[in-house]
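Participant: Pasting in a structure now, in structure tokens, and then I'll have a few things to ask.
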């Protein structure tokens, strides 16, 4: 669907009519497009990776060659394919296809088989192709390899999925995991940077450098830097298998092309013919190469190959020159296939580096979206897959060598098939990556981090679930930096990154979210025809000489390839022509359109848009119709080296719609759910984005099919009477997160200070904000018996008195049964011995058995050994539970006030919540006041008000609009009413502001956090009480508690809390030498009786009359022993 059409068909305003629609319970014919778009970047990138990208990756894997018994063996992966998830043949089942719900229920991984065609050759002679299973790799839900792909809602429901299932995640051991989108440096573009830490890389190194993030067609990435040295030379820095290497630039230039030194000199000084310092520096760099005796390209290659081949692990028969070429293919400008193109790019980077070092240009800002791109899940998946396939080839050599040590192995098809089956499968590395988020890689894949790549897509509520697919993270390494530069919100982020939705605290500014109208387009586009088009517009090819001097021309780049030069005076005209071609879709520029066969036939209006290429934003760009896969040419004026033009034609881009089309355009999806957010203080909107994700809501409709560790459910959710139009655009009424409450702003009691709130007890008894927690536990009897023993099954012995009629004959509790602490939970039998076992319910919290699922093994032949028990824990709001409005106004429930004592209006209505008016002045959440008036008028007139930001202004005031509606209903214009005291019955003198506000109950509940302990377990080392609620630990008595006792004048209580009740112990000490370690109990001779008293003797003094006992903390004794191990003596003065 076109970008424009998706945002033209927005709801004109919110409505409640679909809540009373007779066909409300009937699944629609198609899924909601708006919800599917939220995960499109994840799904499309994975589709590209496993289809087109996989073939590119296979072609990029070089043949693996090694010597075996004086023969040269070559293994090449010629093709690979991933199949949809299915059970093996011969499995006991009704259907071979595996669906995600089955993997969630069984806590297994949703994966498909990866098979490859391996070509093998001996001494260069091809011998055949073997099809080999390499392992099972995870499959993204709703991708083209998923069995749910393109299924309508009705069929999705039949397969136990949500009708609006969006996909975009993996299922690993039954847990939904999302690969984070990461912000990476802009690909294939030289970025000038100043880094003071670069001075520590070697003698003479400076802080000036030019960095480039080189990315191949299959997304393999390598970071490369040019460093400016104090003597005027340049060092080339690259990474190979996580090891840093430095190479003088002259060697790299000389090895890439067979140019003479004079030709290299002339290419480097283009545009700087009058700069004597630069010319001398170039001469010196070339002179360094000559001093090593390298005069030709062949000599340079031999020189580099001889020194680097020890790190490359190449066969012995590779000559040094080929080893050097292998190094350049893997590490130097890997996005370019031609060595000549690499040469021209290095020359351009060198000129840019000298311009930066001499102050002729500014450094590029790596924190700007201009110089950034997004790493999508499919890219990470493909990069990791390619590396593991290369590792598999290496494991075959290792397996072959091990086999040859034991037996005589000949190389033939049959033996190779056996050896291939001994290779390292890809199953466990992929599951480890997605389960932990930690990257185990020999090369590092060009990342700056190796952890935090994946997160759990927890369904605490629906908007929290959505946020996982819209977030982009800057990187874990940036969180450790002390500077705040990386966290700043720059102006060019407008329309791409949400200025509201970012966490407060450590990840602030690093974990951002895409705006609602921002898209990550993942289609790959080819650019082969663009250079010819540029030449027709007046661009001089790179190997030709322009009519004007090079200093009067701009270099032109296309995907990191220097394609030529353009006259400065002609450049604006060329740029305007390219933009016109893209806007009008003229036939001569049809190659710029990659949208499809009919893309050039569609009509498009010339609408300005910012369209960054490769996920990066370029200031001042204009483009029309940024559909999927379109080509775009970029002109970057005022850039570092020469104000050069930069054309980007392929890759991954962000696009957003016309500025001004939507009032909520710059905001993220969740930020768009905040009513009247333009009337609130900005930090309150940030808080609501976080608290909205902590709300106990209605995250899904298939509770009976889920086996999550913990799920929350709001029992009585409601549709808000006041909401933005985006709420209806995403059909959030299917997944509500709160309740409409009558809120009176009044200081009625003393229990509502510091944001606390009073709740009407009658409302509480009628189910206000009542919720439940669903907890699932897997019970696998195979973990309880020894290996080889298969005799345990669920069941109970007839007449077992321990069961107390609370377990069924199958040993499991009854559905709907109430469980209390100590009740029988489940039972199982040993079929060999006939012995019965009963396990009791250990939680202190009462619950109800909601459902029980019986699970089998992968082949369907498992016995009755594994079940999943889901219990429901009712959670009525209790004192201390946390609530919040949609405006960042959070507070705890401080008191359930009797309805008889609540204030009431003249119509007899009592509020559900009493809110302290002191919460408004400092927070400045005017949006909540407006919502109260709007909710009140909506309830009176039977309407649903639009709370989209910026629909009201000073000329069109929200107060007047809603005030007039209240006045028309017979109420006060300002939303106030006269209330009567519930205690005295007398009318209150002040007018009380009362209305309807949508309130959220947060997951932070006292029932999950309270701790009570008198005595209990202690730490084995320090002998202090252990901490932690799950292990019945104590509550930490910290510095603030200590200060509170001191302030109350009860300082001696500290002796009891911190000593007597902590780790008090009695120790023996030598008064004379002051040692705690030297007193030892004397060893009795065999003639002594067991009843005879023994004395403590000091091993240093040799006396027993100087031993005394003292009370000291046990941790002090441990500390003294640790110091003694470090040869440090502690001497005590005993008084």
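Every residue, even glycine, has its Cβ placed from backbone N, Cα and C.
I grabbed these lines from Swiss-Prot:
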REGION    1-23  region 'Disordered'
BINDING   180, 367, 890  RNA binding site
REGION    194-208  region 'Loop B'
REGION    236-247  region 'Loop A'
REGION    439-453  region 'Fork loop 1'
REGION    474-489  region 'Fork loop 2'
SITE      687  site 'Active site gating'
BINDING   755  Mg(2+) binding site
BINDING   1020  DNA nontemplate strand binding site
BINDING   1036  DNA template strand binding site
MOD_RES   1051  phosphoserine
ZN_FING   1070-1101  zinc finger
BINDING   1070, 1073, 1098, 1101  Zn(2+) binding site
Participant: Within a 10 Å radius of its Cβ, which of these binding-site residues (180, 890, 1020, 1036) has the fewest neighbouring Cβ atoms?
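Facilitator: Looking at the binding-site residues 180, 890, 1020, 1036, the Cβ with the fewest others within 10 Å is that of 1020.
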Participant: Which residues does residue 1073 (Zn(2+) binding site) neighbour through Cβ under 8 Å, counting only same-chain ones at least six apart?
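Facilitator: Listed in sequence order: 1098, 1100, 1101, 1106, 1131.
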Participant: Quick one: largest C-alpha distance among 180, 367, 890, binding RNA per the record, in angstrom?
Facilitator: 34
Participant: Going by C-alpha positions, which of the recorded positions (687, 755, 1020, 1036, 1051) is nearest residue 890 (RNA binding site)?
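Facilitator: For residue 890 (RNA binding site), the closest Cα among 687, 755, 1020, 1036, 1051 is found at 755.
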Participant: Between the Cα atoms of residue 1070 (Zn(2+) binding site) and residue 180 (RNA binding site), what distance do you get, rounded to the nearest Å?
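Facilitator: On Cα coordinates alone, these residues lie 62 Å apart.
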Participant: When you rank 687, 1020, 1051 by Cα distance to residue 367 (RNA binding site), which of the recorded positions ends up on top as the closest?
Facilitator: 687
Participant: Should anything in the same chain at least six residues away from the region 'Loop A' (236-247) have a Cβ under 8 Å from its Cβ atoms, list it; otherwise answer none.
Facilitator: 201-202, 222-227, 304, 308, 311-312, 327, 330-332, 346, 442-444
Participant: If we count other C-beta atoms within 10 Å, could you say which of the binding-site residues 1070, 1098, 1101 has the fewest?
Facilitator: 1101
Participant: Using the centroid of the Cβ atoms of 1070, 1073, 1098, 1101 as reference, list every other same-chain residue with Cβ within 8 Å of it (recorded Zn(2+) site), in sequence order.
Facilitator: 1071, 1072, 1074, 1075, 1078, 1079, 1099, 1100, 1102, 1103, 1106, 1107
Participant: Could you state the whole-number distance in Å separating the C-alpha atoms of residue 687 (site 'Active site gating') and residue 755 (Mg(2+) binding site)?
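Facilitator: On Cα coordinates alone, these residues lie 15 Å apart.
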Participant: Average the per-residue pLDDT over the region 'Fork loop 2' (474-489) and send me the rounded value.
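Facilitator: Summarising the region 'Fork loop 2' (474-489) by its mean pLDDT gives 86.
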Participant: Just checking, which of 687, 755 (recorded positions) has the fewest C-beta atoms within 10 Å of its C-beta?
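Facilitator: So among 687, 755, the recorded positions given, the one with the fewest Cβ atoms within 10 Å is 755.
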Participant: Can you give me the same-chain residues 6 or more apart in sequence from the residue listed as 'phosphoserine' with a CB-CB distance under 8 Å?
Facilitator: 1045
Participant: Translate the DSSP assignment of residue 180 (RNA binding site) into the three-state scheme.
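Facilitator: In the DSSP reduction, residue 180 (RNA binding site) maps to coil.
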Participant: May I ask for the distance between residue 1020 (DNA nontemplate strand binding site) and residue 1036 (DNA template strand binding site), taken between their Cα atoms and rounded to an integer number of Å?
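Facilitator: Roughly 18 Å, rounded to the nearest whole number.
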Participant: Using all protein chains in view, find how many other C-beta atoms are within 10 Å of the C-beta of residue 367 (RNA binding site).
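Facilitator: Within a 10 Å radius of the Cβ of residue 367 (RNA binding site) lie 18 other Cβ atoms.
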Participant: Within the region 'Fork loop 2' (474-489), how many residues are helix, strand or coil going by DSSP?
Facilitator: 8 helix, 0 strand, 8 coil
Participant: Using Cα coordinates, what distance in whole Å links residue 1036 (DNA template strand binding site) and residue 755 (Mg(2+) binding site)?
Facilitator: 25
Participant: Just give the helix, strand and coil counts over the region 'Loop A' (236-247), going by DSSP.
Facilitator: 0 helix, 10 strand, 2 coil
